[in-house]
Amino acid sequence: MRIIKPNWVIHPDDKGNPQTIYSAHVHPDGTRLATGSIQNVVKIWSTAPILDQALEETEEEKAPRLLCAMEGHDGAVLCVRWSFSGAFLATGSDDSIIMVWLRCPGQSKSFGSKTANIEDWKCFKRLAGHTSDVQGLAWSEDDQYLASVGLDSLVLIWDCLDSAFVLLKRLDLHQGHVNGVVWDPVGQYLATQSDDRTVKIWRTTDWKLEADIEEPFVNSPHSFFRRLSWSPDGTHIVTPNAMNGPVFVSAVIDRCKWTSNISLVGHENVVEVAAYNPLLFLRDRSKPIEGPNLSTVFALGARNSVSIWHNCSSCPIVVLHDVFDRDILDLSWAADGITLYACSSEGRVAAFVINELTTLAAVAPPGAKAKYLETYEFTKPDRRSQKSRSSSTPFAPRYASPMPPIGPFRPGRSSPPPSALVPNSMPSNTLITQQEMTIMPNGKRRIKPAFLGTNESAIFLSAMPNGHASTAVQQPTSSQNSHTLFPQSKRFPQATPSTSTLLPTRHAVPTYLSDDLISSNSVSRELAEIMHWNDVGKWGEPIAMPTRILKRVHCNQTEFQVNCENTRGDMDVECSEVVLSSNKTDKKEELWKERFSDKSITAAALSTSHVAIGLSDKSLSVYSYAGRRVMPVIVLDCPCFKIQFRGNLLMSISLKGTVMVWDLTNFKAISGPSKLKHLCDSRALISFTALTHQGAPIVKVRKESLFVFDEDLKSWTVLSGHTMDEMKDKDRLDHGQLKFSSGSPFLVDSALVLAANKPDLLGCIVDHVRFLRDHNRFQVVDELCHELWTGSGWISNRNSNHLSATPTFKLSRMERIKLLYQVIEVLDENPEFRPICQEYSLLLKHNDT
């Protein structure tokens, strides 16, 4: 056995001191080692100089050590994992983001670095779904799935088929930090281990819980990682951080019964990491290759020691103490089965070359593993055929072919051609052009930089729908684009009477859900894209403002219009202009004009008495029709993207998703600041906004999810019992005359939000009682009658505040008694409710006397 601990495999700080390396993983071909550290940097090393002393002593130009250093995470990199094909590298960080890296042809250079990278690895996908540190990653053996776990107690399953990398499933049954995840080599199960002291087994067919294992972990202490491992034959799971009485052990879970009857004793401290050798071994060379004759080898890491185990023995083969000065955080076996890599919080990496393993037991033939896994009789679903059927629609994305494995890195060999790395890569047609120089009137020279070209394949990858280069995908021409999601007349942004959004021109033509709404109008697809983009990992970063935009806002009631234009002056300085004009006569009459220098207009809106303008310097100004500012300039947390009026109420939505509502009559804020971020997951978009008569903001997420912000509860609440068509009805929304769909159980809290007056509120409650009566909801009816009689509950105890976005209605005792009489009349039509009617009729009779 050889133990190699190179002093150059480090992530140094500014003073050259090694920083903690949280994770290390060796490439499937064994030629690259990826490491992630507290420095937010991912590094890929060549393993040849680590294992070969002669290459280590060779000049670095001939035998490179560091192949690539990738920056992109905003926090410490806690986990790095190669895909089984070797084409992708997934990294997880405490910035809650997962990054998937892909190698591109040629070399690159990190910003601020003096040396060029030998290999060019680019971020292929940026996956957002966790809300806290990403602690563990695991690829399925066919690379169709990527599982991620984190401190938010979530297990996320990402669909990697055809390199799509979209969120497929969200598992949330753990009650603590999830610190480890591993796939069943058969593909039937997924195992996760958490600080809630359980190991959960999930079925991959329906993503339901198969088993919940608690016994060996009841008294286990908390640990930063719980990196468990599944045996290559699929029969056992080795789990760290287990206890056998007062002794720290590693528990072995049996696949058949999902129980642990074996405890591995050999360490004096908590076991945090387990890693199975990828090879299968034979107990007896002379016997056939079958289950009883197969054996496995695995390694455990606890504190600063490593132990190697063979499942034929109850004792470890060897225990290596004091390998590091601090805790071991990750272990990784090379594909050859004799080389083990370990990393430590001291900032070092060690390689263990254990040639003695091949003498202890015979290595099974290469096809033995696949042949044995077939004995489980588990058939994986043909997801590719399902994907091809679902992508046959004209709007479905077109997926490119799977990525082929990349070739091994060998010192002294030039980089392989682009076609060997990225399929269907585009040829380089970059032309070197001369720079254009213009002499300005003041004598200064303006030089237009010439485009010198860059990595064509990388650009083409990022331009395709799923990051793949594919010459088979063609953009439809104008004549081909006959089937669209919206009519052609609505594909261009039409002005709405009371709201406007200035759209950056760099995106495709935006589409609206509706063009004829005033108080309840739709958010453009541009806003939805920004909300989604921010949720993917850059929430809170404003988008770049457009260089020139023109957007007009019409108000049919007052026959006024606002023209907003952003331009650039002679010296390329931003300037903008707002003009309010009247259309009462055939000739437009300009009422007033306002100009802004060094800033652009990002949003504008017009009501019957006010004009609101949002600027790129985060300011929001409100003007009267005479051109006077009616209130101080408001400074938002971010430039405003959407402004919306409802009478004298004004709502703004910033690019960070912050919602504010002001009462322009009393010059006070009545709602907010409220955040939209947590209402959107990686696939949910904000597509509709509205204001109630009280000024409570309403947003629509996904297809049928409506939320209203309750100022009393300081939270977004679910708005139920109505359809989107009813919300879009201007007259009924303005007057509170909403009728609720008969097939949905309307909740009273929705009526409290939407009702414009007490008669409407009382009518909604009576309609609700009819619904409950027709569906025999006895307990709900009894509870509602009890609240009306006693004056307790949600209906009678809402706080009354004339400057709150919540309802101001509070039912008096006489109003509740009168309403209870109406409820009894409705319930009496159903004989099943006669006992309830008799009980409360008797109470009302005594009340009258």
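Cβ coordinates are placed from backbone N, Cα and C, and glycine is handled just like the others.
Because TrEMBL annotations are produced automatically, they should be read as predictions rather than curated entries.
Copied from TrEMBL, the annotated features are:
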REPEAT    14-46  repeat 'WD'
DOMAIN    29-350  domain 'CAF1B/HIR1 beta-propeller'
REPEAT    70-101  repeat 'WD'
REPEAT    127-159  repeat 'WD'
REPEAT    171-202  repeat 'WD'
REGION    379-427  region 'Disordered'
COMPBIAS  469-487  compositional bias 'Polar residues'
REGION    469-502  region 'Disordered'
DOMAIN    627-722  domain 'Protein HIRA-like C-terminal'
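Taken together, the residues of the domain 'Protein HIRA-like C-terminal' (627-722) have an average pLDDT of 75. Secondary structure counts, DSSP: the repeat 'WD' (70-101) has 0 helix, 19 strand, 13 coil. In terms of DSSP helix, strand and coil, the repeat 'WD' (171-202) has 0 helix, 18 strand, 14 coil. Break the repeat 'WD' (127-159) down by DSSP state and the numbers are 0 helix, 19 strand, 14 coil.
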